[in-house]
Amino acid sequence: MPPRVPEGEKGDSRRVAKLPFVSVAVRIRPSSEEPAALWATEKSRVCCNRGFLLEEYEFSRVFGPEEDNQRLFAQLQGPAITDSIFAGVNETLFAYGQTGSGKTHTIFGSASSPGLLELFVQQVFDTASLRAGSAVHACCYEVLGDSLTDLIDSSALEAEGALCEDDVVHDELFIKTQRCRYQICRVPSAELCLRLLRSAARRRSCGVSSVNGDSSRSHAIVQLFVQNPCEPPMASIGTLTLVDLAGSEKEHENPSLHGRKSARLLNTSLCSLNRLLRKLQTGCLDESERRQSVLNKCLWEYLRPGCGIALIFCVNPSLQHRAASLSTLAMATDSKLIHSQRKCQYIQLSPHTPHETIRQVPSSPSPRGTPAPPPRSAETPRRPAGITCTSPRQESARREETNEEPEFQRQLAQSARHYERLRLEAERAHDELASDNMALRRECESLRGLFVRQQQQQIAFWTGPFLEMVGENSAAKAMAKMAAKGAQEALAAVQQGEKEDSLADAQSLSLDGVSRCVMPEKTSAQKLRAEMEYWRDMALTLQRELHKSKSPKAGVSDTETRSSRSASSDGVL
Ligand SMILES: Nc1ncnc2c1ncn2[C@@H]1O[C@H](COP(=O)(O)OP(=O)(O)OP(=O)(O)O)[C@@H](O)[C@H]1O
């Protein structure tokens, strides 16, 4: 029997999906400069002075300089977003804007004003205290260019005994050939969670930007994974993702060389993210966007259709930043097209294993009583694999009940970790093979194209200008005929091979499961390598032949030599 989506939670998910969440908000930071280029006119409008005219924009919510993070949290419906996470939805909040516009202030806050992160952590733990058996895990990492750095350091908490070894699991992301690991910690209380995240925030890379002396030089991602048992054996699993993007900045305006370098990397990843958001706006997001940058790869799971997305666009109201603010407002206007259709996710808790393994069951607000859809493919979720799904209390009660040997449990946990490692290695090998395969395919295609063009030019040469040149010389004519025939045959063989390859590709696509994931990549990579070697040989042979035909010793008359030289200088090769 397939597991059923918990009926009570389905009700919740429908309720959650109907809540009027804020999707696009604009926040105007305080500024002492007068006159201002923009200001909030109403709760949802912002007016912009363009010099010759005043323009008004409308968003879900506009926050003026006097509104603090507490108000932002309340107006963005922090408590409702938290409920949505407990119902199993992935909720993602972005702070977006130019450098110095107040993104870090919004997410991480300051000494005097808690940021959205702290407010959410409090709310999540307040809600968790009312839901028996729920568990919260946290991670925090930064992304700069092609690198991902874990910002969590749990060693101090482990040394104090506040966290134990089993509370920390690792997830990995394969970036090119590098394995980037980051920790995911099971956090028992809001206080511990905040200690961990505050120390993570202090480790974030910072530097100087053109307008901010304490500018974040990386994109920071903080995630809280909430697991909430509902109807046994199911549990909802929702994630809160807070993203403090690095600010966009004109590269040449940064005062330091290092700053200009990091600005280039940050702008590149922001461009990829913008492209992804644009596709989300037009409803044509496709898998290819996932691989465009490390940032996209990290956020993909939490931006896909089914997730709740809220974007906070931060702007600086001063006149000198008007151009940058207008471009932020333009992006904010387009982002109004993003419609989050929230879906709940569930996992099945196995009652027999000591550490329940997570089986992702994509939830959909399916009608009451209908079976849940099958588990997701291995490709989609990048999730804190290995997170234990029961509370320590439940776990010890179960151990007592089943009278299991602790040694046996240790062995089981060890083998679970071992198989998880193997799974991740297989996934990495698959990713590497897939990218090798793509590169080989591209190289083969270009060699194949080159060869086809060469053959066509040969045929044109032997059947056209060469014949005209040799006139009545029958030996030369016969030789030209043979050469043209040879080129035609080679061309036909290539075109036939192309057809067979595309047929083989189509067949490999129709293969199922594991064999489709791993084997064809391997075999076709080998095949493509062999094919590439073949084309390299072909190209070399051709070059040698044409070289020979150009040389006076080739046994062809002077006229022929001249004609083939003139043909090659016309671009035959
Ligand atoms: N709404 C606000 N209220 C009070 N102070 C603010 C507000 N927004 C920004 N600031 C202050 O402005 C300065 C720059 O803000 P912040 O570092 O958050 O900008 P940022 O957008 O994260 O910049 P960067 O992209 O360069 O990291 C900080 O000193 C911050 O305290």
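The backbone N, Cα and C atoms fix where each Cβ goes, and this holds for glycine too.
These come from TrEMBL:
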{"type": "BINDING", "residues": "Gly97, Gln98, Thr99, Gly100, Ser101, Gly102, Lys103, Thr104", "note": "ATP binding site"}
{"type": "COILED", "residues": "412-443", "note": "coiled coil"}
{"type": "COMPBIAS", "residues": "364-376", "note": "compositional bias 'Pro residues'"}
{"type": "COMPBIAS", "residues": "564-573", "note": "compositional bias 'Polar residues'"}
{"type": "DOMAIN", "residues": "21-338", "note": "domain 'Kinesin motor'"}
{"type": "REGION", "residues": "350-410", "note": "region 'Disordered'"}
{"type": "REGION", "residues": "546-573", "note": "region 'Disordered'"}
**OP:** Write out the long-range same-chain contacts of Gly97 (ATP binding site), meaning residues 6 or more apart in sequence whose Cβ is under 8 Å from its Cβ.
**Re:** Lys103, Leu245, Gly247, Ser248, Phe313, Cys314, Val315, Asn316, Thr328
Subject >> CB contacts for Thr104 (ATP binding site) [other CB atoms within 10 A, all chains] >> reply: 25
Original post:
Any idea what the model's mean pLDDT is for the domain 'Kinesin motor' (21-338)?
Top reply: 91
Original post:
Long-range same-chain neighbours of Ser101 (ATP binding site), Cβ under 8 Å, sequence gap at least 6?
Top reply: Arg29, Gly247, Cys314, Val315, Asn316, His321, Ser325, Thr328
Subject >> Same-chain residues at least 6 apart in sequence whose Cβ lies under 8 Å from Gly102 (ATP binding site) >> reply: Arg27, Arg29, Ala95, Cys314, Asn316
Subject >> Additional residues surrounding ATP, by Cβ distance to the Gly97, Gln98, Thr99, Gly100, Ser101, Gly102, Lys103, Thr104 centre under 8 Å >> reply: Arg29, Ala95, Asn212, Gly247, Cys314, Asn316
